[in-house]
């Protein structure tokens, strides 16, 4: 039982860490490409900025889903019920 809970805690840490790392890399690439595009064509900067914010909002949903899965494993672990039952 303790082994299962410790593996679940490790899994939660990996899920949260990789979700955060992936989002950080995505935001870095998105911001870099936005600045590159705005430097090439300054008249397109407002339109690119709107699209960047839309994509940033969608990109921010990825770690939120990861946090929900991590909270599920933390507080309502489905594997503990199978082990006890």
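Cβ atoms here come from the backbone N, Cα and C positions, even for glycine.
Long-range contacts of the transmembrane segment (10-30) within the same chain, counting only residues at least 6 positions beyond its ends with a Cβ under 8 Å from a Cβ of the stretch, are 52, 55-56, 59-60, 62-63, 65-67, 69-70, 73-74. If you look up Swiss-Prot, you'll see 10-30 (among others) marked as transmembrane segment.
Sequence annotations record features per position, and here Swiss-Prot assigns transmembrane segment to 53-73 (among others) based on sequence analysis. Remote same-chain residues near the transmembrane segment (53-73) are listed as 8, 11-12, 15-16, 18-20, 22-23, 26-27, 30 (criterion: CB distance under 8 Å, separation of at least six residues from the stretch ends).
Per Swiss-Prot, the feature site 'Reversibly protonated during proton transport' maps to 60; the stated evidence is sequence analysis. Listed in sequence order, the residues of the same chain lying 6 or more apart from residue 60 (site 'Reversibly protonated during proton transport') and placing their CB within less than 8 Å of its CB are 23.
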